[in-house]
Amino acid sequence: MVQVNGNYLKLKAGYLFPEIGRRVKAFSSANPDAALIRLGIGDVTEPLPLACREAMKTAIDAMGTAEGFHGYGPEQGYGWLREAIAKNDFQARGCDISAEEIFVSDGSKCDSSNILDILGEGNKVAVTDPVYPVYVDSNVMAGRTGEAGEIGRYAGLTYLPISADNGFAALIPSEPVDLIYLCFPNNPTGAVATREQLQAWVNYARANGALILFDAAYEAFIQDPELPRSIFEIEGARDCAIEFRSFSKNAGFTGTRCAFTVVPKGLKGKAANGEAVELWGLWNRRQSTKFNGVSYIIQRGAEAVYSEAGQAEVKALVSFYMENAAIIRRELTAAGLTVYGGEHAPYVWIKTPEGMDSWGFFDHLLNKANVVGTPGSGFGAAGECYFRLSAFNSRANVDEAMARIKAL
């Protein structure tokens, strides 16, 4: 009989969001008339920007002609999209990033997991707690951890707790680590990092030969122009960081699928014999072997994000969701709850009421208010007694959800 990958057997009972789905399904089966409002999974709800839709329609029509047909595209992405990304997202903010260092993909979740393909199994990994579960689970699947302990933490990982007590800013590790996952604006807490905080991480990484895996999927939601949107705004980051970005949340591409990863040329790791190896070449080889590229039609839609009309429409989308976040913050505060986040991110991080843990609060809101959120403990042990609500929904649903919660 064929053997399975035993690392998958280390995974806890279920990925957070499928477990939420299971509980919601059971509730809906027992209460078929309940009008659920879902503020849990961070999926967007508003239509794709018109500029993106029109660009994709034009691309579809072109595909119907001999002259405009496109088959397999470059695994790294079409040059015109990579140029637009480099110019608008990085060079415009003073970052020394070229188009050749941009790798277009179908999702930052995929990239933040697949990057492990080019990194050695012996690397010591650090993650914040709470943390986006994919960072942890992908390392478990790749064999970089031991078993999970009683509170769900895996042996072999270095956990960096973040909470209200430390301003949701993880302390620099006291011991050397090799891989550091950072996400700002943060999922799930909604916290942001200052230039000084990111500079400290870059300094640590350079001093210890570590690699920062920087998830900037929510950078478009930052409201303060003085806050950094990219790790590459920080001096020295080209020597120690890879950045993941996505069109999912700013432009509504969750169902359309387009993202990108930035791997600077000159960024190096070491081989088993100690020889320095450029990570750009390894990632390029990995993508060329395991990835067929994002469709031409979708990439034309992503390119339109950088048009004048696209920029205006994306800005309006982001503003809409941030207004939702402001409503959630205001109404929950008025209801007597302690809330964080929601100012530079589409997530509001809530302290659960006294005597109620994360899943208890989940069940309370589900059963009493018919509102679905995300238990903080699902993001890690330090997320216990916290709860995440997402601003990704219609205004009517957000208003109704807040009215229901305030009525409890």
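Note that Cβ sites are derived from N, Cα and C of the backbone, with glycine treated the same way.
Among N7, N31, N284, N292, the residue that Swiss-Prot places alongside Y72, S108, K109, Y132, N187, Y218, S246, F247, S248, R257 at the pyridoxal 5'-phosphate binding site is N292.
The binding-site residues considered are Y72, Y132; of these, Y72 has the fewest other C-beta atoms within 10 angstroms of its C-beta. Annotation for K109 (substrate binding site): same-chain Cβ neighbours under 8 Å, separated by at least 6 residues, are V134.
The record assigns Y72, S108, K109, Y132, N187, Y218, S246, F247, S248, R257, N292 to the pyridoxal 5'-phosphate binding site, and the maximum Cα to Cα distance across that set is 34 Å. For Y72 (pyridoxal 5'-phosphate binding site), the nearest of the recorded positions by C-alpha distance turns out to be N292; the candidates were Y132, N187, K249, N292, R388. Each residue contributes its Cα atom, and for S248 (pyridoxal 5'-phosphate binding site) and N292 (substrate binding site) those atoms are 20 Å apart. Straight-line distance linking the Cα atoms of K249 (N6-(pyridoxal phosphate)lysine) and G42 (substrate binding site), rounded to a whole number, equals 8 Å. Here the binding-site residues are N187, S248, N292; the one with the fewest Cβ atoms within 10 Å of its Cβ is N292.
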